[in-house]
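One structure below.
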């Protein structure tokens, strides 16, 4: 008897946790990282952060996921500790939405509307709709909605199974005695904290408590302190996630702990203090699933009202708990914690890749400046920028490979592929910038004097190369495909200019206007310029090819130039337009 019920209980718990996980992750993918990114960019004050934290948690159905995300943002330097405080408070209120969804099991009535919303009707109905959307549609968005509905169905089925398996406990004396012992607030708080700490989800532990309501032995005096403990136990996930994090990230987790711990202490002191003089009637009443949701929400709302004006105190306590060290601490470029929410991780990787592209562009501009006026500090600056792009590439390469093993939406998978195939090209632009800078050093040290014609031609070529790099960076940083389409015609212009300069140089050699030894430096410069433009082409073509899901990059480029694609006509027009912008002075 007990073994069968235990199997049923564990099976129900497994379905419940699995359904919650599936639904939460599907909701995250549907959000596409947009809501999460808002956390980092729009939580400028505590009150705004509170509402953003509430909204995001209500959508992704997990305060732990939101808090871990916040820890990752703080560790990466995207979010300040002060911003994190409000978001964490909002997450605590947002997580109560799950309890209200689960309280649908308590609906009573014979009307059609009530019957439709009862889980025994609603869950199977949504399950049917979900499986149809998941299996018989090709739209990624519809399949995502189907996954959410299937997750909800699994969750509610697990909840019902747990409730049914525990109903027999109503007649068990030992269970009744256990519930009586939980009227001891301290014991109940500890039990709630431990249970939630083990399963690392306050929503799940509240759901388990709601399923216990089927026994009829869960009173307000039992439920309240257990819920208080559950709010403390949920801090475990964030605390674990700070292992290896910087000081501010650890402080963010401490803010979460102090918010819940102080909230429980203050709430319990007031509640039980008042109860000593004016007994609370509901403490002896049997709780329903709705009552549990009400207690959970009431505690978090009241705690937030009390603690929100004291956000500075929480920040101060966290800072005292994790004091400053003598040695300065750096932030992580790409935080591993964000991989738990792949859409957010990809957006963060895109931001770093954009910084990398801008750094490479700065290196090129600096290198070209050294051709006209060389100085050793400028050379070191270019080398430092190139070193920075190397760091970016190393960090991104490892991070992106890790993301390939996660479940991604079609859009996010495309963005990941673009990053994987283009970061090496971005890094190579910086490498060629160093080559150009070193050519400037050689010109300076050997006192090489190009002819005025050669100087004029190099200036024109430099402008053309800078233009194609700027178009590429603009397209890359903004995901702008229209800008990306302008890159290949500009790259062809650079190729044309390089070819013409080589021809002019040969003619000047024949006429004795240039020295042979100067030609080696010129050749190196032309090669570097041409390679920079080639890497820009690779980046732009990869963006277009992956985003439009057409041919492979090489085939796409060949078809574009051969006039086989609809945009081929514009390619020719753009080439002629850009070519006219870069003209050389007439040869003597």
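The backbone N, Cα and C atoms fix where each Cβ goes, glycine too.
Here TrEMBL flags 50-74, 86-107, 119-137, 144-162, 174-199, 257-278, 290-310 as transmembrane segment. Look at TrEMBL and you will find 355-438, 461-540 tagged as domain 'PhoU'.
Long-range contacts of the transmembrane segment (174-199) within the same chain: residues 17, 205, 208, 215, 217-219, 221-222, 224-234, 236, 264, 268, 272, 283, each at least 6 residues beyond the stretch ends and with a Cβ under 8 Å from a Cβ of the stretch. Of the candidate ranges 86-107, 119-137, 290-310, 290-310 contributes the most Cβ pairs within a distance under 8 Å of the transmembrane segment (257-278). The listed stretches are 86-107, 119-137, 144-162; of these, 86-107 has the most Cβ pairs under 8 Å to the transmembrane segment (290-310). For the domain 'PhoU' (355-438), the predicted model reports an average pLDDT of 91. Only residues 6 or more beyond the boundaries of the transmembrane segment (86-107), in the same chain, are considered here, and those with a CB under 8 A from a CB of the stretch are 20, 39, 43, 45-58, 61-63, 66-67, 70, 79, 114, 117-119, 122, 152, 155-156, 159-160, 163, 202-203, 206-207, 210, 213, 231, 234, 252, 255-256, 259-260, 288-290, 292-293, 296-297, 300-301, 303-304, 307-308, 311. Note on the transmembrane segment (144-162): residues 8-9, 11-24, 26-27, 29-30, 101-102, 104-105, 119-120, 122-124, 126-127, 129-135, 137, 207-208, 210-211, 409 of its chain, located 6 or more positions outside it, place their CB under 8 angstroms from a CB of the stretch.
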